[in-house]
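So that you can see what the record holds, here are the features copied from TrEMBL:
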type: DOMAIN; residues: 21-116; note: domain 'XRCC4 N-terminal'
type: DOMAIN; residues: 146-194; note: domain 'XRCC4 coiled-coil'
type: REGION; residues: 201-259; note: region 'Disordered'
type: COMPBIAS; residues: 224-234; note: compositional bias 'Basic and acidic residues'
type: COMPBIAS; residues: 246-259; note: compositional bias 'Basic residues'
Amino acid sequence: METPSPKHTCLKLQLKEAQQPIYVKGTWFESRFDLSITDGLNAWICHASEEQVRDRAAQWDQPVSEYVALAERYLGFQHPDSAYGFADAGDGHKRLSWTFEKEGTKLEWRWKCQPSPNSKQTTAAVLDFLMDANVGLSEEVVRKTQSFERLKVEAEKCLAQSEKLTNEKIEFESAIYAKFLGVLNSKKAKLRELRDKISKQEIAGKLPEEEEASSDQTEPFVNIDEKSEDESLKDLPVTSKDVPRTRSRGWGRKRAADN
């Protein structure tokens, strides 16, 4: 099984009591870590062995991996809520410290750093790492910028394609709607024509039936006044005065002929 490659960090640490910042370069392994610290003139080193890290982790009731990860977290980036210190520890030694909160309790970790046997070499190593990191970041920025430009071009193409498809969709829907409207109006006209034709046929069929029904139900009209007059005449007594004169004259002529 291959050993994981160590991680590297470099922290520009601005201390309250110092005018110039210090640079803390960390090399992080699974169960230990190394620190190289420089202020530009002097340098210090700290080699936290596996045994030392294991003892510190046991004191804080933490697994070794969690202890190393927490130390990397606070020495990889400066946390504004943490109080950092780099105080004298005698004989040219320095004590690097930082604070953090755990379960509502403020805790402080401290590691003693010894003077580097070769300050210039240690400082140069820190500066080389910063230069390499800067070059790597610059290259990453260039790659990200190029990738962004490509994505921008693709996004513009997609936007243009989307607008084209939207316009084509609107034109297609307008054409389909116009054709549908024409067919719909034609169907409506045919339906109105059929409705009018059916209405005329129904009206023409009802008229003979109504005339026949009216003729069957019609009774002869009798004038009430004429009927009463006829009945009154029948009831009157007949006299000689009521006989027409033409009748009497006929009888006279007949008698004269006999004589």
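From the backbone N, Cα and C atoms, a Cβ is placed for every residue, glycine too.
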Counts by DSSP class (helix H/G/I, strand E/B, coil) across the domain 'XRCC4 N-terminal' (21-116): 23 helix, 46 strand, 27 coil
DSSP residue counts for the domain 'XRCC4 coiled-coil' (146-194), split into helix, strand and coil: 49 helix, 0 strand, 0 coil
